[in-house]
Amino acid sequence: MSYPVKHFSEQHCYRLIPSKYPPINLYEDVAEPGQLEAIFAVEAITNPRLSEEVGNFAQIPLEDRLVGIPHCSYVMAAFTHVSPDGARFNTADYGAYYAAPDVNTAIKETVHHMERIMGYTQEPAQDVQMRCIDAWFNAQLVDLTEQQYLDLNIYHPTNYSHSQMLADEVKGLKGDGIVYQSVRHQGHDCYALFKANLVTKVCQTKHFTYKWNGVSVNSVLEINLV
């Protein structure tokens with residue numbers, strides 16, 4: 001089945017991640033993607049935890065890696081630390097950089113996933129600090145936002161089997177990724193980028209507190225840092 005493709009040029013997007021995950025300077029200090037293995041081998045001698053921090057960058061094709069720009073580790077982490085269950089448009093075999101064109105949609109997406117995970121593990125009430133990552137990208141994305149696709153199983157709220165099969169198809173054809181409608185914020189879009197180097201600029205901006213009450217995230221507060 002063929003799908004329409006939409007072009008994005010320097011598209012601004014937002015992604016929320018837990019603040020407990022620090023940036024990894026290894027990616028930012030490398031000038032060429034092919035140097036990662038050699039530099040990692042040297043750094044790992046003095047930092048035995050480096051492998052855990054850096055993740056499995058070997059599974060990212062050389063031509064898709066993003067290195068040498070400030071804060072690029074935030075993007076690479078989406079491809080090196082992949083959930084065993086995958087997500088809507090990726091499997092455990094490869095990652096994707098999920099983001100949204102507006103911060104509210106990015107928040108609603110992460111609130112849903114946080115509630116699911118923390119509810120499953122029965123986490124006690126607590127505040128979770130999150131940081132907003134702004135990024136800009138250039139890509140040709142398969143466009144699934146049109147009305148004709150909205151009733152397909154790829155938009156199932158919890159079952160990702162059909163959407164993952166479609167993602168496998170797009171990735172197998174060397175596609176850049178997918179633009180789709182948010183399931184958690186109706187009427188708004190999300191992006192799933194399959195290549196880290198589609199991103200041209202990254203910066204860390206706002207900070208938020210997600211207030212988990214033991215059952216749900218009942219409020220999200222922006223933190224004003226002085």
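The chain as shown is numbered from 1 upward.
Glycine is treated like the rest: Cβ placed from N, Cα and C.
Taken straight from TrEMBL:
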DOMAIN    78-205  domain 'RES'
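Restricting the average to the domain 'RES' (78-205) gives a pLDDT of 96. Across the range of the domain 'RES' (78-205), the DSSP-based residue counts are 42 helix, 41 strand, 45 coil.
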